[in-house]
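As recorded in Swiss-Prot, the features of this protein are as follows:
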| type | residues | note |
| --- | --- | --- |
| BINDING | Gly11, Ala12, Gly13, His14, Ala15, Gly16 | FAD binding site |
| BINDING | 296-310 | NAD(+) binding site |
Amino acid sequence: MQTRYDVIVVGAGHAGCEAAHAAARLGCRTLLLTIDLDKLAHMSCNPSIGGPAKGHLVREIDALGGLMGRITDRSAIQIRLLNESKGPAVQSLRAQCDKRLYARLMKETLERVPNLDLRQAMVERIAPPNADTQCFTVTTHTGWRYLAPAVILTTGTFLRGRAITGEAMWGAGRAGEAPAMALSEDLAALGFPLVRLKTGTPPRLAAATIDFSLTELQPGSDTPLSFGHYYPELGETIPPPEYHGPPAPVYPHPQLDGWRPQLPCYQVHTTPEFHAIIRENLHRAPLFSGIIEGVGPRYCPSIEDKIVRFADKERHGLFLEPEGWTTSEVYVQGCNTSLPEDVQWAMLRSIPALRNVELMRIGYAIEYDAVATGEITADMQTRRLRGLFFAGQINGTTGYEEAAAQGLMAGINAAHYVQGKPPVILGRAEAYIGVLIDDLTTKEIREPYRMFTSRAEYRLLLRGDNADLRLTPLAYRLGLVDGERAAVVEARRQQTEHALQQMRERRIFPSAAVNASLEAHGIKPISQPVTVAEVLARPEVRYTQLRDALPDLPALSDAVIEQVEIGCKYSGYIARQEREVARMQKMEHRRIPPDFDYTSLPGLRNEARQVLMRFRPATLGQAGRLAGINPADVAIILFALERRQGDQVAR
């Protein structure tokens with residue numbers, strides 16, 4: 001038997017859920033296939049969303065009509081603003097979630113999406129389009145076949161997945177779930193080069209066996225925060241957590257009376273005994289014994305790797321994070337490990353707060369297949385097979401947020417492919433999502449890729465606070481958000497621009513009355529005429545103070561005040577980055593034809609020629625960012641493009 005769809009999404013992790021939602025919202029009849037429908041968007045590792053750069057991605061996903069931000073807000077047990085003392089470019093939200101509640105809310109949300117069908121099935125094979133159907137054929141373990149002109153693979157860690165703890169190894173996509181073996185074979189048969197990557201997860205502890213009096217409290221924010229954009233103009237507010245019943249009584253110091261109920265996290269530190277136990281057992285560590293072949297993420301190393309690499313460090317911080325409102329299971333952030341089970345028990349019990357701890361689940365490593373760099377284009381489509389899209393860990397990334405961002409863009413572009421519309425490609429100056437995808441299509445990924453603020457050249461323009469101003473107008477044009485939401489965002493943009501213009505034009509003079517009013521509200525007096533914007537540019541001055549001192553200033557919403565303050569305090573830096581973007585866009589707008597012949601370019605180095613032919617950059621800007629390409633190579637390509645254009649004009 002067979003059934004036909006417009007778009008088929010294989011895998012329902014964070015990438016697959018966003019991909020299926022976007023494709024269905026854009027009018028495509030969409031099928032989401034997953035091994036277990038009860039584990040949609042399952043948090044296999046850390047029960048958290050956000051962090052530096054990752055939080056920016058989630059804000060952008062929400063601004064584009066995606067799901068991750070709002071479901072995080074509804075399932076969060078704690079939310080915090082990181083890097084609060086630093087500038088707005090690197091400030092980022094991070095939330096602890098109830099992992100089972102998150103998965104349930106995602107499933108309930110997707111079940112209500114028109115045009116979207118959910119099916120529980122193991123995908124065994126994928127066959128390319130043939131002349132008769134012009135569709136991919138996706139075959140499940142029962143033999144049922146599904147046909148579609150566009151398929152999105154979001155396979156996570158399931159491609160030939162292998163779990164490892166000590167000397168024990170077993171096939172698994174994650175603990176308790178079978179790997180996808182045949183799918184790897186099909187991808188290899190289609191010509192896709194596969195690489196082996198590795199990730200890991202820490203033990204989970206029984207909260208009742210932890211001495212929380214020996215831990216350091218990590219409370220949630222006292223100030224309302226959210227990943228989703230909520231507009232009071234539309235009657236929206238930050239939603240409360242959707243849990244049923246009181247929190248598990250094992251967690252001390254719950255924050256139940258603030259702006260929303262929250263649970264704290266708790267910090268402990270490793271000990272000299274902890275380090276000694278690991279060193280004595282390195283010969284049993286799969287990471288060092290040769291059992292593990294895959295390359296792991298450099299920026300999220302296992303605890304045994306930390307002890308070896310940072311041998312001079314006396315202790316490492318570990319965070320005990322509740323996995324939900326009503327569960328006693330506690331995640332040990334910072335303790336990823338694949339050491340043997342007895343070693344895990346011994347090392348954790350060497351920490352004073354964990355002397356009597358019981359492990360509910362042991363830590364393990366997962367090895368899995370990913371597709372080598374250079375196989376996808378900027379629309380998430382594969383170079384070898386048009387209509388086939390990849391998103392998430394199959395592209396060599398790590399992290400829920402990176403996966404969700406790719407899934408969203410793959411879903412949009414798969415829908416556009418089916419509908420004959422042009423692809424949607426975000427630039428590096430438009431979004432962190434654009435930086436992420438550009439890196440995946442222009443850089444050699446030798447280890448699991450993680451997003452950082454340092455990867456974004458224009459991070460002061462790509463802040464979390466302005467994600468909707470940057471991206472919601474596009475989402476409205478695409479059909480991912482409604483007109484009411486877009487209108488509110490546009491009104492805020494206009495209010496911000498008008499307020500900034502007023503403040504740059506409004507001058508105040510150093511009279512006795514003005515200075516007395518400024519000082520009365522905690523603002524240093526002025527000695528010469530200045531604009532309101534110049535006063536607000538002072539780091540310590542807030543708009544509310546200034547308006548109290550100068551009552552004729554306009555009343556503004558909190559959202560507009562935030563934009564106005566950033567616009568004044570960072571105006572010079574913002575203007576500089578905008579000039580850099582303008583220069584860069586000249587290169588980005590210079591398209592390189594897909595069939596451009598690099599073999600005939602005189603003067604182009606052999607290394608550059610090989611790189612260019614492998615990655616086939618779409619623009620001159622992309623070409624310049626490829627590893628192994630220097631400015632001289634770019635100049636040769638530019639000269640050839642101009643000559644080709646001149647020849648076409650002459651003809």
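Quick reminder: no glycine exception, Cβ is built from N, Cα and C everywhere.
This view paints the features noted in Swiss-Prot onto the structure.
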| residue | record | CB count, 10 Å |
| --- | --- | --- |
| Gly11 | FAD binding site | 31 |
| Ala12 | FAD binding site | 30 |
| Gly13 | FAD binding site | 29 |
| His14 | FAD binding site | 34 |
| Ala15 | FAD binding site | 35 |
| Gly16 | FAD binding site | 30 |
| Gly296 | NAD(+) binding site | 22 |
| Cys300 | NAD(+) binding site | 17 |
| Ser302 | NAD(+) binding site | 27 |
| Lys306 | NAD(+) binding site | 19 |
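Of the chain residues outside the FAD site list Gly11, Ala12, Gly13, His14, Ala15, Gly16, Val9, Cys17, Glu18, Ala19, Thr34, Leu40, Ala41, Thr154, Gly156, Ala391, Gly392, Ala403, Gly407 have their Cβ within 8 Å of the site's Cβ mean position.
The CA atom of Gly13 (FAD binding site) is located 20 Å away from the CA atom of Gly296 (NAD(+) binding site). Annotation note: Val308 (NAD(+) binding site) sits in a helical segment as assigned by DSSP. Using Cα positions, the member of the binding-site residues Arg298, Glu304, Lys306 nearest to Gly11 (FAD binding site) is identified as Arg298. Within its own chain, Phe310 (NAD(+) binding site) has His316 as residues 6 or more apart in sequence whose C-beta sits under 8 angstroms from its own. Cα-Cα distance from Val308 (NAD(+) binding site) to Ala15 (FAD binding site): 34 Å (rounded to the nearest whole number). Most Cβ neighbours within 10 Å among the binding-site residues Glu304, Val308: this distinction goes to Glu304. Put simply, of the binding-site residues Ala12, His14, Gly16, the one whose Cα is nearest the Cα of Gly296 (NAD(+) binding site) is His14. Gly16 (FAD binding site) sits 23 Å from Cys300 (NAD(+) binding site), taking the Cα positions as reference.
Cβ neighbours within 10 Å of Arg298 (NAD(+) binding site), excluding its own Cβ and spanning all shown chains: 12.
Comparing C-alpha positions, Ala12 (FAD binding site) sits nearest to Cys300 among the binding-site residues Arg298, Cys300, Glu304, Lys306. Looking at Cys300 (NAD(+) binding site) and His14 (FAD binding site), their Cα atoms lie 19 Å from each other.
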